[in-house]
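Enquirer: Before I ask anything, here is the structure I am working with.
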Amino acid sequence: MSDLFTTIETPVIKYEQPLGLFINNEFVKGVEGKTFQVINPSNEKVITSVHEATEKDVDVAVAAARAAFEGPWRQVTPSERGILINKLADLMERDIDTLAAIESLDNGKAFTMAKVDLANSIGCLRYYAGWADKIHGQTIDTNPETLTYTRHEPVGVCGQIIPWNFPLLMWSWKIGPAVAAGNTVVLKTAEQTPLSALYAAKLIKEAGFPAGVINVISGFGRTAGAAISSHMDIDKVAFTGSTLVGRTILQAAAKSNLKKVTLELGGKSPNIVFDDADIDNAISWANFGIFFNHGQCCCAGSRILVQEGIYDKFVARFKERAQKNKVGNPFEQDTFQGPQVSQLQFDRIMEYINHGKKAGATVATGGDRHGNEGYFIQPTVFTDVTSDMKIAQEEIFGPVVTIQKFKDEAEAIKIGNSTDYGLAAAVHTKNVNTAIRVSNALKAGTVWINNYNMISYQAPFGGFKQSGLGRELGSYALENYTQIKTVHYRLGDALFA
């Protein structure tokens, strides 16, 4: 094998892993010859090393994307774009076990959950394949002697920076609408989880995309990510990640060429349970809402607010439910929670847990690492929490949840809106009027009623306040990747007097 590919064996499958930067439909080494290690979070061992993109590599990838956008990609019809995206989805479906195994390997998510992610990733691509030939403008009746119409044109070269918590799902969320709308892409993977996106990159060429349309590079935010954000020949940047980094990207975009920006950022989402809620249903969804994907979800229901009438009963039963979540080897069939993605993330979460203990909150269950190897953390439930505590205000991004008591609807809304974030929220109640009133009052981009974490690629997703700018998914995402041109065609012969 060359240093651009290696053979990796997982408990599920043995496969050939690309290691290079995918630029112009080829895997290549980085200009500076740098590589970095990819760690298995389940055992803390090195899986392999991949080539690292630096600023120079971003320049090469952007040049390839620009050449494709100005050249062959312009000649591909919208219907043909849709066919290509569908072909890519077909290839991902063919290799779904391989892709899911890769995500379990370098991300640590349960293999069964990874397959669900892949199904949604494939579905998302097919959804946008269907949109490719349905993007259109309108005619506007301004006066009898003028034909006025609008065109929705592609933005151009799009820089896309995806996170490590849902590598291929975010890959599809980004490239689906961008490519459907006729743009070209330079996508940077997270340095913790580059492997599945690199494998999927080889499917891009197999699907028949022209060279340069989709370029996939691996690298670090401080170098490759910064270069994308400030690049003068990138027309739009999309980022999913922390609010802190989102601010940096927005500043870089403004200081460079004022490129369009979409940001899907952090959250501290309230999951509100009223006295009249179906408590079994609420506990089930609240458990899924926080501990799914090891708590590494931007929209995780990390603050459970319970009305005082059922608070004690809820806490006791929720604690029991959390203790039933199996933490362990992501390749075992019944594993629900795998390891956190990295040592850095593990340490950060443990720091928050220790801070909560010192602040006076009570650990109802968990509060420590799980096992002696890997970045595993016990599902952790804090009670006796006040809204001013750090663990109730800041995004922890791990399997840690706070439970607070509220008296009435007004207090629930007040506590629910008491952070800087506004990505998501949930309301559990049997009263339709309560559900509608509270969902309307919550400052959140998505509100679930009597469920949690049910995101659909057909519906928009994004945040209020410091949880982001713009919307992913649904037809709304296409607005991020098109720009509107108005054309006034003079039909009459009269000269301007």
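Cβ coordinates are placed from backbone N, Cα and C, and glycine is handled just like the others.
The following feature annotations were taken from Swiss-Prot:
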- E264: active site, proton acceptor (ACT_SITE)
- C298: active site, nucleophile (ACT_SITE)
- G241, S242, T243, L244, V245, G246: NAD(+) binding site (BINDING)
- N165: site 'Transition state stabilizer' (SITE)
Enquirer: What other residues of this chain sit with their CB within 8 A of the center of the CB atoms of G241, S242, T243, L244, V245, G246, the recorded NAD(+) site?
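Expert: The surrounding set, listed in chain order, is F239, R247, T248, I249, L265, G266.
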Enquirer: Whole-number Å distance between the CA of N165 (site 'Transition state stabilizer') and the CA of C298 (active site, nucleophile)?
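Expert: N165 (site 'Transition state stabilizer') and C298 (active site, nucleophile) have their Cα atoms 9 Å apart.
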Enquirer: To the nearest whole angstrom, state the Cα distance for the pair C298 (active site, nucleophile) and E264 (active site, proton acceptor).
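Expert: Cα of C298 (active site, nucleophile) to Cα of E264 (active site, proton acceptor) measures 9 Å after rounding.
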Enquirer: Using all protein chains shown, find which of the recorded positions N165, S242 scores highest when you count other CB atoms within 10 A of its CB.
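Expert: Max Cβ neighbours within 10 Å, all protein chains included: N165.
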Enquirer: Around the Cβ of V245 (NAD(+) binding site), how many other Cβ atoms lie within 10 Å? Please give the count over every shown protein chain.
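Expert: Other Cβ atoms within 10 Å of V245 (NAD(+) binding site): 21.
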Enquirer: Measuring Cα to Cα, how many angstrom lie between S242 (NAD(+) binding site) and E264 (active site, proton acceptor)?
Expert: 8
Enquirer: Which binding-site residues from the set T243, L244, V245 come within 10 angstroms of E264 (active site, proton acceptor), judged by C-alpha positions?
Expert: T243
Enquirer: Given a 10 Å Cβ-Cβ cut-off, pick out the one of the recorded positions G241, L244, G246, E264 that has the most other Cβ atoms nearby.
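Expert: Per the Cβ count, the most surrounded site is E264.
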Enquirer: Sort S242 (NAD(+) binding site) into helix, strand or coil using the DSSP assignment.
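Expert: Note: S242 (NAD(+) binding site) is coil by DSSP, not helix or strand.
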Enquirer: State the count of C-beta atoms found within 10 angstroms of the C-beta of T243 (NAD(+) binding site), not counting that atom itself.
Expert: 20
